[in-house]
(Lines of atoms letter the chains of each structure in order from A and count residues from 1; the text may use other names and numbers.)
(Lines give C-alpha, C1' and ligand atoms only; values in the text may rest on other atoms or scores of the structure.)
Protein backbone atom coordinates (compact mmCIF):
# COMPACT_ATOMS: atom_id res chain seq x y z
CA UNK A 1 0.00 0.00 0.00
CA UNK A 2 3.05 2.27 0.09
CA UNK A 3 2.17 5.28 -2.04
CA UNK A 4 -1.07 3.69 -3.28
CA UNK A 5 -3.24 5.95 -1.09
CA UNK A 6 -1.52 8.99 -2.58
CA UNK A 7 -2.21 7.84 -6.13
CA UNK A 8 -5.84 6.98 -5.39
CA UNK A 9 -6.53 10.36 -3.80
CA UNK A 10 -4.89 12.19 -6.71
CA UNK A 11 -7.35 10.52 -9.11
CA UNK A 12 -10.41 10.93 -6.85
CA UNK A 13 -9.72 14.61 -6.23
CA UNK A 14 -9.42 15.25 -9.96
CA UNK A 15 -12.89 13.87 -10.63
CA UNK A 16 -14.27 15.84 -7.67
CA UNK A 17 -12.90 19.09 -9.09
CA UNK A 18 -14.18 18.13 -12.54
CA UNK A 19 -17.66 17.47 -11.14
CA UNK A 20 -17.83 20.86 -9.39
CA UNK A 21 -16.57 22.65 -12.49
CA UNK A 22 -19.24 20.91 -14.57
CA UNK A 23 -21.89 22.04 -12.08
CA UNK A 24 -20.89 25.71 -12.18
CA UNK A 25 -19.23 26.09 -15.56
CA UNK A 26 -20.39 25.36 -19.09
CA UNK A 27 -18.14 22.95 -20.96
CA UNK A 28 -19.86 23.63 -24.29
CA UNK A 29 -19.79 27.43 -24.40
CA UNK A 30 -16.90 28.63 -22.26
CA UNK A 31 -13.35 28.88 -23.49
CA UNK A 32 -11.10 25.88 -22.95
CA UNK A 33 -8.42 28.07 -21.40
CA UNK A 34 -10.88 29.34 -18.78
CA UNK A 35 -12.06 25.83 -17.92
CA UNK A 36 -8.51 24.47 -17.75
CA UNK A 37 -7.25 27.30 -15.52
CA UNK A 38 -10.19 27.00 -13.12
CA UNK A 39 -10.00 23.20 -13.04
CA UNK A 40 -6.27 23.30 -12.30
CA UNK A 41 -6.71 25.86 -9.50
CA UNK A 42 -9.57 23.94 -7.85
CA UNK A 43 -7.79 20.63 -8.31
CA UNK A 44 -4.55 21.78 -6.66
CA UNK A 45 -6.40 23.29 -3.70
CA UNK A 46 -8.55 20.20 -3.14
CA UNK A 47 -5.42 18.08 -3.51
CA UNK A 48 -3.72 19.91 -0.62
CA UNK A 49 -6.76 19.30 1.59
CA UNK A 50 -6.98 15.57 0.81
CA UNK A 51 -3.24 14.77 0.91
CA UNK A 52 -2.31 16.69 4.07
CA UNK A 53 -3.70 13.99 6.46
CA UNK A 54 -1.36 11.45 4.82
CA UNK A 55 1.52 13.84 5.42
CA UNK A 56 0.52 14.13 9.10
CA UNK A 57 0.40 10.34 9.66
CA UNK A 58 3.73 9.86 7.87
CA UNK A 59 5.31 12.59 10.01
CA UNK A 60 4.04 10.97 13.22
CA UNK A 61 5.63 7.67 12.13
CA UNK A 62 8.94 9.43 11.43
CA UNK A 63 8.80 11.07 14.86
CA UNK A 64 8.29 7.63 16.38
CA UNK A 65 11.40 6.36 14.60
CA UNK A 66 13.39 9.31 15.91
CA UNK A 67 12.20 8.70 19.47
CA UNK A 68 12.93 4.99 19.06
CA UNK A 69 16.48 5.71 17.89
CA UNK A 70 17.14 7.88 20.92
CA UNK A 71 16.23 5.05 23.35
CA UNK A 72 18.17 1.79 23.93
CA UNK A 73 17.16 -0.75 21.34
CA UNK A 74 18.16 -3.80 23.41
CA UNK A 75 17.22 -4.25 27.04
CA UNK A 76 19.79 -5.82 29.38
CA UNK A 77 18.99 -9.38 30.36
CA UNK A 78 20.14 -11.51 33.30
CA UNK A 79 20.86 -15.19 32.99
CA UNK A 80 20.21 -17.86 35.62
CA UNK A 81 22.91 -20.44 35.08
CA UNK A 82 21.20 -23.00 37.30
CA UNK A 83 17.90 -23.11 35.48
CA UNK A 84 19.03 -21.75 32.11
CA UNK A 85 16.22 -19.15 32.09
CA UNK A 86 16.65 -15.51 31.08
CA UNK A 87 14.76 -12.52 32.42
CA UNK A 88 14.57 -8.83 31.54
CA UNK A 89 15.96 -6.46 34.09
CA UNK A 90 13.08 -4.70 35.81
CA UNK A 91 14.99 -1.44 35.83
CA UNK A 92 14.88 -1.22 32.04
CA UNK A 93 11.73 -0.71 29.93
CA UNK A 94 11.20 -2.24 26.53
CA UNK A 95 10.97 0.46 23.81
CA UNK A 96 7.68 0.72 21.97
CA UNK A 97 7.40 -0.66 18.47
CA UNK A 98 6.77 1.89 15.69
CA UNK A 99 4.05 0.63 13.36
CA UNK A 100 4.20 1.86 9.78
CA UNK A 101 0.99 3.58 8.57
CA UNK A 102 -1.06 1.80 5.96
CA UNK A 103 -0.78 4.95 3.82
CA UNK A 104 2.92 5.55 4.41
CA UNK A 105 4.56 7.67 1.73
CA UNK A 106 8.26 6.94 1.08
CA UNK A 107 10.88 9.57 1.83
CA UNK A 108 11.52 12.19 -0.82
CA UNK A 109 8.11 12.03 -2.48
CA UNK A 110 6.12 14.47 -0.35
CA UNK A 111 8.60 17.42 -0.41
CA UNK A 112 8.73 17.31 -4.22
CA UNK A 113 4.98 16.84 -4.43
CA UNK A 114 4.25 19.82 -2.18
CA UNK A 115 6.70 22.08 -4.01
CA UNK A 116 5.08 21.33 -7.36
CA UNK A 117 1.56 21.81 -6.00
CA UNK A 118 2.32 24.97 -4.00
CA UNK A 119 4.36 26.86 -6.57
CA UNK A 120 1.99 25.93 -9.39
CA UNK A 121 -0.97 27.26 -7.40
CA UNK A 122 0.93 30.45 -6.56
CA UNK A 123 1.83 31.04 -10.20
CA UNK A 124 -1.83 30.56 -11.05
CA UNK A 125 -3.22 32.94 -8.45
CA UNK A 126 -0.68 35.75 -8.81
CA UNK A 127 0.26 35.60 -12.49
CA UNK A 128 -1.78 33.44 -14.86
CA UNK A 129 -5.35 33.69 -13.58
CA UNK A 130 -5.40 37.54 -13.41
CA UNK A 131 -4.18 37.61 -17.01
CA UNK A 132 -6.71 34.96 -18.06
CA UNK A 133 -9.50 36.92 -16.38
CA UNK A 134 -8.80 39.97 -18.49
CA UNK A 135 -8.38 37.79 -21.57
CA UNK A 136 -11.77 36.11 -21.05
CA UNK A 137 -13.57 39.42 -20.38
CA UNK A 138 -12.01 41.15 -23.36
CA UNK A 139 -14.28 42.05 -26.24
CA UNK A 140 -11.53 41.64 -28.80
CA UNK A 141 -12.20 39.68 -31.97
CA UNK A 142 -8.75 38.12 -32.35
CA UNK A 143 -6.35 36.36 -30.01
CA UNK A 144 -3.82 39.14 -30.48
CA UNK A 145 -6.39 41.78 -29.59
CA UNK A 146 -7.46 39.93 -26.45
CA UNK A 147 -3.85 39.46 -25.33
CA UNK A 148 -3.15 43.16 -25.89
CA UNK A 149 -6.21 44.15 -23.83
CA UNK A 150 -5.24 41.74 -21.04
CA UNK A 151 -1.70 43.08 -20.90
CA UNK A 152 -2.89 46.67 -20.67
CA UNK A 153 -5.41 45.89 -17.92
CA UNK A 154 -2.83 43.95 -15.89
CA UNK A 155 -0.01 46.45 -16.35
CA UNK A 156 -1.03 48.37 -13.22
CA UNK A 157 -1.64 45.15 -11.29
CA UNK A 158 1.75 43.65 -12.11
CA UNK A 159 3.52 47.01 -11.93
CA UNK A 160 2.33 47.61 -8.37
CA UNK A 161 3.68 44.27 -7.15
CA UNK A 162 6.98 44.75 -8.98
CA UNK A 163 7.38 48.23 -7.50
CA UNK A 164 6.73 47.06 -3.94
CA UNK A 165 8.98 44.00 -4.30
CA UNK A 166 11.74 46.03 -5.93
CA UNK A 167 11.61 48.70 -3.24
CA UNK A 168 11.83 46.14 -0.45
CA UNK A 169 14.63 44.30 -2.22
CA UNK A 170 16.67 47.51 -2.61
CA UNK A 171 16.04 48.40 1.02
CA UNK A 172 17.26 44.99 2.20
CA UNK A 173 20.28 45.13 -0.10
CA UNK A 174 21.51 48.52 1.17
CA UNK A 175 20.71 47.90 4.84
CA UNK A 176 24.03 47.23 6.64
CA UNK A 177 22.59 44.87 9.28
CA UNK A 178 20.50 42.66 6.97
CA UNK A 179 22.16 39.97 4.91
CA UNK A 180 19.32 37.85 3.61
CA UNK A 181 19.95 34.81 1.49
CA UNK A 182 17.75 33.60 -1.35
CA UNK A 183 16.16 31.07 1.02
CA UNK A 184 15.19 33.82 3.46
CA UNK A 185 13.84 36.04 0.69
CA UNK A 186 11.76 33.11 -0.53
CA UNK A 187 10.44 32.57 3.01
CA UNK A 188 9.52 36.25 3.31
CA UNK A 189 7.55 36.04 0.05
CA UNK A 190 5.73 32.90 1.19
CA UNK A 191 5.00 34.47 4.56
CA UNK A 192 3.62 37.62 2.93
CA UNK A 193 1.29 35.57 0.70
CA UNK A 194 0.12 33.42 3.64
CA UNK A 195 -0.40 36.49 5.84
CA UNK A 196 -2.64 38.06 3.21
CA UNK A 197 -4.50 34.75 2.87
CA UNK A 198 -4.89 34.39 6.66
CA UNK A 199 -6.35 37.87 6.85
CA UNK A 200 -9.10 36.92 4.40
CA UNK A 201 -9.37 33.37 5.79
CA UNK A 202 -10.43 34.50 9.26
CA UNK A 203 -13.12 36.76 7.80
CA UNK A 204 -14.64 33.99 5.70
CA UNK A 205 -14.23 31.35 8.41
CA UNK A 206 -15.93 33.52 11.03
CA UNK A 207 -18.94 33.83 8.76
CA UNK A 208 -19.09 30.17 7.78
CA UNK A 209 -18.76 28.79 11.31
CA UNK A 210 -22.07 30.40 12.23
CA UNK A 211 -23.91 30.50 8.92
CA UNK A 212 -23.53 26.82 7.97
CA UNK A 213 -25.10 25.41 11.18
CA UNK A 214 -27.78 28.11 11.02
CA UNK A 215 -28.58 27.30 7.39
CA UNK A 216 -29.20 23.65 8.28
CA UNK A 217 -31.34 24.67 11.24
CA UNK A 218 -33.40 27.02 9.08
CA UNK A 219 -33.77 24.27 6.46
CA UNK A 220 -35.57 22.20 9.11
CA UNK A 221 -38.20 24.95 9.45
CA UNK A 222 -40.30 24.49 6.33
CA UNK A 223 -42.46 27.54 6.98
CA UNK A 224 -39.49 29.83 7.47
CA UNK A 225 -37.84 28.41 4.36
CA UNK A 226 -40.98 29.04 2.29
CA UNK A 227 -41.18 32.67 3.45
CA UNK A 228 -37.51 33.16 2.59
CA UNK A 229 -38.16 31.65 -0.84
CA UNK A 230 -40.94 34.20 -1.43
CA UNK A 231 -38.46 36.93 -0.53
CA UNK A 232 -35.89 35.54 -2.97
CA UNK A 233 -38.54 35.32 -5.68
CA UNK A 234 -39.34 39.02 -5.39
CA UNK A 235 -35.67 39.99 -5.52
CA UNK A 236 -34.91 37.63 -8.39
CA UNK A 237 -37.87 38.92 -10.41
CA UNK A 238 -36.48 42.45 -10.09
CA UNK A 239 -33.09 41.26 -11.27
CA UNK A 240 -34.68 39.22 -14.06
CA UNK A 241 -36.63 42.24 -15.33
CA UNK A 242 -33.50 44.38 -15.14
CA UNK A 243 -31.49 41.82 -17.11
CA UNK A 244 -34.20 41.63 -19.79
CA UNK A 245 -34.28 45.41 -20.09
CA UNK A 246 -30.50 45.55 -20.30
CA UNK A 247 -30.49 42.86 -22.99
CA UNK A 248 -33.10 44.77 -25.00
CA UNK A 249 -30.99 47.94 -24.87
CA UNK A 250 -27.84 46.12 -25.96
CA UNK A 251 -29.68 44.30 -28.75
CA UNK A 252 -31.01 47.63 -30.01
CA UNK A 253 -27.43 48.90 -30.34
CA UNK A 254 -26.46 45.71 -32.14
CA UNK A 255 -29.42 46.12 -34.51
CA UNK A 256 -28.40 49.68 -35.42
CA UNK A 257 -24.81 48.68 -36.10
CA UNK A 258 -25.92 45.61 -38.04
CA UNK A 259 -28.06 47.78 -40.31
CA UNK A 260 -25.37 50.43 -40.81
CA UNK A 261 -22.49 48.11 -41.72
CA UNK A 262 -23.00 46.33 -45.05
CA UNK A 263 -21.79 42.93 -46.14
CA UNK A 264 -18.50 44.12 -47.72
CA UNK A 265 -17.42 46.52 -44.96
CA UNK A 266 -14.03 45.66 -43.35
CA UNK A 267 -15.72 45.50 -39.93
CA UNK A 268 -18.48 43.15 -41.11
CA UNK A 269 -16.66 40.10 -39.72
CA UNK A 270 -16.59 41.70 -36.28
CA UNK A 271 -20.32 42.43 -36.49
CA UNK A 272 -20.99 38.82 -37.48
CA UNK A 273 -19.01 37.67 -34.46
CA UNK A 274 -21.20 39.85 -32.23
CA UNK A 275 -24.36 38.49 -33.86
CA UNK A 276 -23.31 34.92 -33.13
CA UNK A 277 -23.19 35.80 -29.41
CA UNK A 278 -26.78 37.10 -29.46
CA UNK A 279 -29.80 34.93 -28.58
CA UNK A 280 -31.30 32.98 -31.47
CA UNK A 281 -34.54 35.01 -31.58
CA UNK A 282 -32.58 38.24 -31.99
CA UNK A 283 -30.36 36.70 -34.66
CA UNK A 284 -33.45 35.79 -36.68
CA UNK A 285 -34.84 39.32 -36.40
CA UNK A 286 -31.59 40.92 -37.52
CA UNK A 287 -30.77 38.32 -40.18
CA UNK A 288 -32.67 40.11 -42.90
CA UNK A 289 -29.91 42.71 -43.19
CA UNK A 290 -27.64 40.02 -44.58
CA UNK A 291 -29.58 40.16 -47.86
CA UNK A 292 -28.58 43.79 -48.46
CA UNK A 293 -25.67 43.72 -50.93
CA UNK A 294 -25.36 47.47 -51.37
CA UNK A 295 -21.74 48.64 -51.32
CA UNK A 296 -20.76 50.90 -48.47
CA UNK A 297 -19.63 54.45 -48.98
CA UNK A 298 -17.18 55.89 -46.44
CA UNK A 299 -18.18 59.45 -47.37
CA UNK A 300 -21.91 59.11 -46.70
CA UNK A 301 -22.08 57.24 -43.39
CA UNK A 302 -20.32 57.40 -40.05
CA UNK A 303 -19.21 53.94 -39.01
CA UNK A 304 -18.19 52.71 -35.57
CA UNK A 305 -14.58 52.07 -34.76
CA UNK A 306 -13.10 48.68 -33.96
CA UNK A 307 -12.64 49.79 -30.35
CA UNK A 308 -16.34 50.64 -29.99
CA UNK A 309 -17.26 47.27 -31.50
CA UNK A 310 -15.00 45.52 -28.98
CA UNK A 311 -16.78 47.37 -26.19
CA UNK A 312 -20.17 46.38 -27.62
CA UNK A 313 -19.00 42.77 -27.96
CA UNK A 314 -18.10 42.74 -24.27
CA UNK A 315 -21.50 44.20 -23.36
CA UNK A 316 -23.31 41.56 -25.44
CA UNK A 317 -21.45 38.70 -23.76
CA UNK A 318 -22.24 40.07 -20.29
CA UNK A 319 -25.90 40.87 -21.06
CA UNK A 320 -26.63 37.47 -22.62
CA UNK A 321 -24.91 35.58 -19.82
CA UNK A 322 -26.76 37.54 -17.15
CA UNK A 323 -30.10 37.08 -18.91
CA UNK A 324 -29.61 33.32 -19.22
CA UNK A 325 -28.50 33.04 -15.61
CA UNK A 326 -31.49 34.86 -14.15
CA UNK A 327 -33.85 32.87 -16.37
CA UNK A 328 -32.44 29.53 -15.19
CA UNK A 329 -32.37 30.66 -11.56
CA UNK A 330 -35.99 31.76 -11.81
CA UNK A 331 -37.06 28.34 -13.04
CA UNK A 332 -35.11 26.63 -10.25
CA UNK A 333 -36.58 28.95 -7.62
CA UNK A 334 -40.08 28.25 -8.92
CA UNK A 335 -39.56 24.52 -8.51
CA UNK A 336 -38.31 25.06 -4.95
CA UNK A 337 -41.29 27.25 -4.07
CA UNK A 338 -43.80 24.81 -5.56
CA UNK A 339 -42.20 21.93 -3.65
CA UNK A 340 -42.23 23.82 -0.33
CA UNK A 341 -45.88 24.74 -0.85
CA UNK A 342 -46.64 21.07 -1.55
CA UNK A 343 -44.87 20.11 1.68
CA UNK A 344 -46.84 22.70 3.67
CA UNK A 345 -50.09 21.40 2.20
CA UNK A 346 -49.25 17.72 2.82
CA UNK A 347 -48.22 18.26 6.45
CA UNK A 348 -51.90 18.36 7.44
CA UNK A 349 -52.82 15.34 5.30
CA UNK A 350 -54.39 12.43 7.20
CA UNK A 351 -53.75 9.88 4.44
CA UNK A 352 -49.96 10.25 4.84
CA UNK A 353 -49.56 10.05 1.08
CA UNK A 354 -47.48 12.82 -0.50
CA UNK A 355 -49.50 14.50 -3.24
CA UNK A 356 -47.72 16.77 -5.71
CA UNK A 357 -49.35 19.95 -6.94
CA UNK A 358 -48.41 19.12 -10.53
CA UNK A 359 -48.39 15.76 -12.23
CA UNK A 360 -45.07 13.95 -12.25
CA UNK A 361 -43.44 12.99 -15.57
CA UNK A 362 -44.94 9.88 -17.12
CA UNK A 363 -41.57 8.12 -17.29
CA UNK A 364 -41.07 7.38 -13.59
CA UNK A 365 -37.95 5.46 -12.67
CA UNK A 366 -37.66 2.37 -10.49
CA UNK A 367 -36.49 4.45 -7.53
CA UNK A 368 -39.79 6.32 -7.29
CA UNK A 369 -41.81 3.20 -8.00
CA UNK A 370 -40.27 0.90 -5.39
CA UNK A 371 -38.28 3.06 -2.95
CA UNK A 372 -39.57 6.64 -2.90
CA UNK A 373 -43.25 5.79 -2.81
CA UNK A 374 -45.84 8.43 -1.84
CA UNK A 375 -45.90 7.09 1.73
CA UNK A 376 -42.11 7.07 2.09
CA UNK A 377 -41.92 10.54 0.54
CA UNK A 378 -44.52 11.87 3.01
CA UNK A 379 -42.63 10.55 6.05
CA UNK A 380 -39.36 11.99 4.72
CA UNK A 381 -40.59 15.40 3.61
CA UNK A 382 -43.10 16.03 6.40
CA UNK A 383 -41.52 14.30 9.39
CA UNK A 384 -37.97 12.93 9.16
CA UNK A 385 -36.26 15.55 7.02
CA UNK A 386 -36.64 18.35 9.54
CA UNK A 387 -35.18 16.21 12.36
CA UNK A 388 -32.31 15.12 10.14
CA UNK A 389 -31.41 18.74 9.41
CA UNK A 390 -31.64 19.60 13.09
CA UNK A 391 -29.23 16.83 14.01
CA UNK A 392 -26.82 17.97 11.30
CA UNK A 393 -27.14 21.57 12.54
CA UNK A 394 -26.31 20.55 16.13
CA UNK A 395 -23.28 18.52 14.99
CA UNK A 396 -22.07 21.43 12.88
CA UNK A 397 -22.59 23.82 15.79
CA UNK A 398 -20.48 21.61 18.06
CA UNK A 399 -17.73 21.54 15.45
CA UNK A 400 -17.91 25.33 15.20
CA UNK A 401 -17.56 25.73 18.96
CA UNK A 402 -14.57 23.38 18.94
CA UNK A 403 -12.92 25.38 16.15
CA UNK A 404 -13.50 28.73 17.87
CA UNK A 405 -12.11 27.39 21.16
CA UNK A 406 -9.08 25.85 19.47
CA UNK A 407 -8.37 29.01 17.44
CA UNK A 408 -8.17 30.98 20.68
CA UNK A 409 -6.02 28.44 22.56
CA UNK A 410 -3.87 26.58 20.00
CA UNK A 411 -0.73 28.49 21.03
CA UNK A 412 -0.85 26.89 24.50
CA UNK A 413 1.22 23.69 24.50
CA UNK A 414 1.47 23.20 28.28
CA UNK A 415 -1.28 22.47 29.03
CA UNK A 416 -2.69 21.47 25.65
CA UNK A 417 -5.96 23.36 25.26
CA UNK A 418 -6.68 22.93 21.56
CA UNK A 419 -9.26 20.15 21.27
CA UNK A 420 -7.96 18.97 17.91
CA UNK A 421 -4.42 18.71 19.28
CA UNK A 422 -5.73 16.65 22.21
CA UNK A 423 -7.51 14.22 19.87
CA UNK A 424 -4.46 13.78 17.62
CA UNK A 425 -2.06 13.30 20.54
CA UNK A 426 -4.31 10.68 22.12
CA UNK A 427 -4.37 8.72 18.88
CA UNK A 428 -0.63 9.24 18.44
CA UNK A 429 0.10 7.34 21.66
CA UNK A 430 -1.49 4.18 20.25
CA UNK A 431 -0.33 4.86 16.68
CA UNK A 432 -3.88 4.64 15.43
CA UNK A 433 -3.05 6.08 12.02
CA UNK A 434 -6.47 5.48 10.51
CA UNK A 435 -8.09 7.51 13.27
CA UNK A 436 -5.45 10.23 12.88
CA UNK A 437 -6.05 10.53 9.15
CA UNK A 438 -9.83 10.50 9.52
CA UNK A 439 -9.73 13.09 12.32
CA UNK A 440 -7.42 15.31 10.25
CA UNK A 441 -9.52 14.92 7.12
CA UNK A 442 -12.83 15.65 8.89
CA UNK A 443 -11.34 18.72 10.59
CA UNK A 444 -9.81 20.11 7.39
CA UNK A 445 -12.95 19.26 5.45
CA UNK A 446 -15.10 21.18 7.93
CA UNK A 447 -12.78 24.19 7.84
CA UNK A 448 -12.77 24.12 4.03
CA UNK A 449 -16.56 23.78 3.98
CA UNK A 450 -16.91 26.90 6.12
CA UNK A 451 -14.46 28.87 3.98
CA UNK A 452 -15.26 27.56 0.49
CA UNK A 453 -19.03 27.68 1.00
CA UNK A 454 -18.66 31.36 1.90
CA UNK A 455 -16.75 31.87 -1.35
CA UNK A 456 -19.61 30.21 -3.23
CA UNK A 457 -22.24 32.25 -1.36
CA UNK A 458 -20.80 35.76 -1.46
CA UNK A 459 -21.85 38.00 -4.27
CA UNK A 460 -20.32 41.32 -5.23
CA UNK A 461 -23.20 42.89 -7.19
CA UNK A 462 -22.96 41.20 -10.62
CA UNK A 463 -19.17 41.51 -10.66
CA UNK A 464 -18.53 38.20 -8.91
CA UNK A 465 -21.25 35.58 -8.67
CA UNK A 466 -20.95 31.77 -8.61
CA UNK A 467 -24.21 30.30 -9.91
CA UNK A 468 -24.90 26.59 -10.27
CA UNK A 469 -26.46 24.78 -13.24
CA UNK A 470 -23.66 25.94 -15.61
CA UNK A 471 -24.51 29.64 -15.17
CA UNK A 472 -21.23 31.02 -13.79
CA UNK A 473 -19.35 33.35 -16.09
CA UNK A 474 -15.66 33.00 -16.89
CA UNK A 475 -14.56 35.90 -14.71
CA UNK A 476 -16.24 34.50 -11.58
CA UNK A 477 -14.86 31.01 -12.20
CA UNK A 478 -11.32 32.29 -12.40
CA UNK A 479 -11.77 34.66 -9.48
CA UNK A 480 -12.90 31.72 -7.34
CA UNK A 481 -9.80 29.80 -8.43
CA UNK A 482 -7.64 32.73 -7.33
CA UNK A 483 -9.37 32.86 -3.94
CA UNK A 484 -8.97 29.12 -3.40
CA UNK A 485 -5.26 29.25 -4.23
CA UNK A 486 -4.74 32.14 -1.81
CA UNK A 487 -6.85 30.71 1.02
CA UNK A 488 -5.85 27.02 1.02
CA UNK A 489 -2.14 27.30 2.07
CA UNK A 490 -2.83 29.50 5.14
CA UNK A 491 -5.85 27.33 6.00
CA UNK A 492 -3.64 24.23 6.06
CA UNK A 493 -0.97 26.02 8.08
CA UNK A 494 -3.65 27.13 10.50
CA UNK A 495 -4.82 23.52 10.81
CA UNK A 496 -1.27 22.32 11.52
CA UNK A 497 -1.10 24.98 14.22
CA UNK A 498 -4.35 23.70 15.72
CA UNK A 499 -2.90 20.18 16.09
CA UNK A 500 0.52 21.50 17.27
CA UNK A 501 2.49 20.28 14.26
CA UNK A 502 3.86 23.68 13.24
CA UNK A 503 6.99 24.40 15.27
CA UNK A 504 6.99 28.06 14.25
CA UNK A 505 3.90 28.47 16.44
CA UNK A 506 4.10 25.65 18.99
CA UNK A 507 7.92 26.01 19.45
CA UNK A 508 8.30 22.26 19.94
CA UNK A 509 11.34 20.30 18.76
CA UNK A 510 9.38 17.76 16.75
CA UNK A 511 9.56 16.35 13.25
CA UNK A 512 7.91 18.73 10.81
CA UNK A 513 5.53 17.74 8.04
CA UNK A 514 6.79 17.90 4.49
CA UNK A 515 4.19 20.62 3.88
CA UNK A 516 5.76 22.99 6.43
CA UNK A 517 9.21 22.32 4.97
CA UNK A 518 8.35 24.19 1.77
CA UNK A 519 7.14 27.17 3.79
CA UNK A 520 10.56 27.72 5.32
CA UNK A 521 11.08 28.93 8.85
CA UNK A 522 8.59 31.57 9.88
CA UNK A 523 11.08 32.73 12.49
CA UNK A 524 12.69 34.85 9.77
CA UNK A 525 9.81 37.22 10.51
CA UNK A 526 9.35 36.68 14.24
CA UNK A 527 6.69 39.38 14.63
CA UNK A 528 4.56 37.45 12.12
CA UNK A 529 5.12 33.99 13.65
CA UNK A 530 4.88 35.08 17.28
CA UNK A 531 2.30 37.83 16.84
CA UNK A 532 -0.03 37.91 13.85
CA UNK A 533 -0.25 34.14 13.31
CA UNK A 534 -1.15 33.59 16.99
CA UNK A 535 -3.36 36.49 17.99
CA UNK A 536 -5.14 37.42 14.77
CA UNK A 537 -7.21 34.16 14.60
CA UNK A 538 -8.75 35.19 17.95
CA UNK A 539 -10.67 37.80 15.98
CA UNK A 540 -12.84 34.94 14.82
CA UNK A 541 -14.82 35.24 18.07
CA UNK A 542 -15.95 38.77 17.20
CA UNK A 543 -16.77 37.75 13.65
CA UNK A 544 -18.87 34.81 14.85
CA UNK A 545 -20.79 37.10 17.23
CA UNK A 546 -21.39 39.63 14.45
CA UNK A 547 -22.60 36.87 12.13
CA UNK A 548 -24.86 35.35 14.79
CA UNK A 549 -26.66 38.67 15.28
CA UNK A 550 -26.65 39.33 11.49
CA UNK A 551 -24.92 42.68 11.88
CA UNK A 552 -23.62 42.62 8.31
CA UNK A 553 -27.09 41.87 6.93
CA UNK A 554 -28.64 44.66 8.97
CA UNK A 555 -25.98 47.14 7.84
CA UNK A 556 -26.57 46.26 4.19
CA UNK A 557 -30.30 46.62 4.74
CA UNK A 558 -29.80 50.11 6.18
CA UNK A 559 -27.71 51.05 3.15
CA UNK A 560 -30.59 50.13 0.85
CA UNK A 561 -29.54 46.61 -0.20
CA UNK A 562 -32.53 44.32 0.17
CA UNK A 563 -31.72 41.63 2.73
CA UNK A 564 -33.92 39.10 4.51
CA UNK A 565 -34.16 40.23 8.14
CA UNK A 566 -37.65 39.10 9.18
CA UNK A 567 -38.48 42.22 11.19
CA UNK A 568 -38.45 44.86 8.49
CA UNK A 569 -41.33 46.48 6.59
CA UNK A 570 -39.48 46.25 3.28
CA UNK A 571 -38.89 42.54 3.90
CA UNK A 572 -42.59 42.00 4.55
CA UNK A 573 -43.52 43.80 1.36
CA UNK A 574 -41.12 41.70 -0.67
CA UNK A 575 -42.47 38.50 0.92
CA UNK A 576 -46.01 39.46 -0.08
CA UNK A 577 -44.83 40.35 -3.57
CA UNK A 578 -42.99 37.06 -3.92
CA UNK A 579 -46.00 35.08 -2.70
CA UNK A 580 -48.16 36.71 -5.35
CA UNK A 581 -45.55 36.02 -8.05
CA UNK A 582 -45.44 32.34 -7.10
CA UNK A 583 -49.25 32.15 -7.15
CA UNK A 584 -49.32 33.72 -10.58
CA UNK A 585 -46.73 31.29 -11.91
CA UNK A 586 -48.60 28.36 -10.35
CA UNK A 587 -51.84 29.40 -12.06
CA UNK A 588 -50.01 29.83 -15.35
CA UNK A 589 -48.45 26.38 -15.11
CA UNK A 590 -51.77 24.88 -14.05
CA UNK A 591 -53.47 26.30 -17.14
CA UNK A 592 -50.73 24.86 -19.34
CA UNK A 593 -51.07 21.46 -17.68
CA UNK A 594 -54.87 21.52 -18.03
CA UNK A 595 -54.52 22.39 -21.69
CA UNK A 596 -52.11 19.50 -22.21
CA UNK A 597 -54.54 17.12 -20.48
CA UNK A 598 -57.46 18.23 -22.66
CA UNK A 599 -55.37 17.87 -25.79
CA UNK A 600 -54.30 14.39 -24.68
CA UNK A 601 -57.93 13.40 -24.03
CA UNK A 602 -59.05 14.65 -27.47
CA UNK A 603 -56.20 12.76 -29.10
CA UNK A 604 -57.12 9.54 -27.28
CA UNK A 605 -60.78 9.88 -28.37
CA UNK A 606 -59.75 9.80 -32.00
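Note: Cβ is positioned from N, Cα and C throughout, glycine not excepted.
TrEMBL: automatically predicted annotations, no manual curation.
The following features are taken from TrEMBL:
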type	residues	note
TRANSMEM	6-22	transmembrane segment
TRANSMEM	34-52	transmembrane segment
REGION	72-91	region 'Disordered'
TRANSMEM	116-135	transmembrane segment
TRANSMEM	155-174	transmembrane segment
TRANSMEM	186-210	transmembrane segment
COILED	233-260	coiled coil
TRANSMEM	387-405	transmembrane segment
TRANSMEM	434-455	transmembrane segment
TRANSMEM	532-551	transmembrane segment
Model confidence over the coiled coil (233-260), averaged pLDDT:
91
When counting C-beta pairs under 8 angstroms to the transmembrane segment (34-52), the leading stretch of 186-210, 434-455, 532-551 is 434-455
Restricting to the same chain and to residues at least six past its boundaries, which positions have a Cβ under 8 Å from a Cβ of the transmembrane segment (532-551)?
195, 198-199, 202-203, 205-207, 209-211, 214, 400, 404, 407-408, 410-411, 494, 497, 504-505, 522, 565
